[in-house]
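Enquirer: Dropping the structure in here first, questions after.
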Amino acid sequence: MRTALLLLAALAVATGPALTLRCHVCTSSSNCKHSVVCPASSRFCKTTNTVEPLRGNLVKKDCAESCTPSYTLQGQVSSGTSSTQCCQEDLCNEKLHNAAPTRTALAHSALSLGLALSLLAVILAPSL
């Protein structure tokens with residue numbers, strides 16, 4: 001009995017705790033300091049950042065079973081962007097896209113609006 005207990009204790013020490021990933025989880029750039037222990041099936045911390053001209057910077061951070069890094073530049077009129085970043089270390093997604101580039105998004109919106117109004121004026125202006 002004593003030998004079985006010693007063997008069980010040695011086995012528990014040798015195997016150690018299960019390896020789980022810790023990631024920051026949030027749905028906006030203002031509250032991205034919340035960290036969680038991910039489910040055992042999650043191998044990645046994933047950060048998705050979408051910049052839309054009228055809505056600004058939309059950030060989503062979470063645990064993910066799979067993750068494919070990407071960068072997408074949307075059409076010239078919307079001039080939005082979307083990116084996904086992946087990492088595999090504890091709390092590695094802390095600083096990924098936390099800064100909200102709202103000034104840039106607003107500048108793009110103003111430029112798009114100016115171009116649209118100029119085009120409209122040219123189309124609707126009477127011939128000179």
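Backbone N, Cα and C atoms are what each Cβ position is placed from, and that goes for glycine too.
As listed in Swiss-Prot for this protein:
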SIGNAL    1-20  signal peptide
DOMAIN    21-108  domain 'UPAR/Ly6'
DISULFID  CYS23-CYS45  disulfide bond
DISULFID  CYS26-CYS32  disulfide bond
DISULFID  CYS38-CYS63  disulfide bond
DISULFID  CYS67-CYS86  disulfide bond
DISULFID  CYS87-CYS92  disulfide bond
LIPID     ASN98  GPI-anchor amidated asparagine
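Show me how these features fit into the structure around them.
Expert: Per-residue confidence over the domain 'UPAR/Ly6' (21-108) averages 81 (mean pLDDT, predicted model).
Same-chain residues at least 6 positions away in sequence with a Cβ under 8 Å from that of CYS45 (disulfide bond) are, in sequence order, LEU21, CYS23, HIS24, CYS38, LYS61, ASP62, CYS63, ALA64, CYS86, CYS87, GLN88, GLU89, LEU91, CYS92, ASN93.
Look at CYS32 (disulfide bond): DSSP puts it in coil.
Every protein chain considered, the tally of other Cβ atoms within 10 Å of the Cβ of CYS38 (disulfide bond) stands at 20.
Within the same chain, residues at least six positions away from CYS67 (disulfide bond) with a Cβ under 8 Å of its Cβ are PHE44, LYS46, THR84, CYS86.
Taking the Cβ of CYS87 (disulfide bond) as centre and 10 Å as the limit, one finds 18 other Cβ atoms among all the protein chains shown.
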Enquirer: These are the disulfide-bonded residues: CYS23, CYS63, CYS92. Which one scores highest on other Cβ atoms within 10 Å?
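Expert: Most Cβ neighbours within 10 Å: CYS23.
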Enquirer: Need the DSSP three-state call for CYS92 (disulfide bond) to compare against my parser.
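Expert: In three-state terms, CYS92 (disulfide bond) counts as coil.
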Enquirer: Considering the disulfide-bonded residues CYS26, CYS32, CYS86, which residue's Cβ sits among the greatest number of other Cβ atoms within 10 Å?
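Expert: Counting Cβ neighbours within 10 Å, the top one is CYS32.
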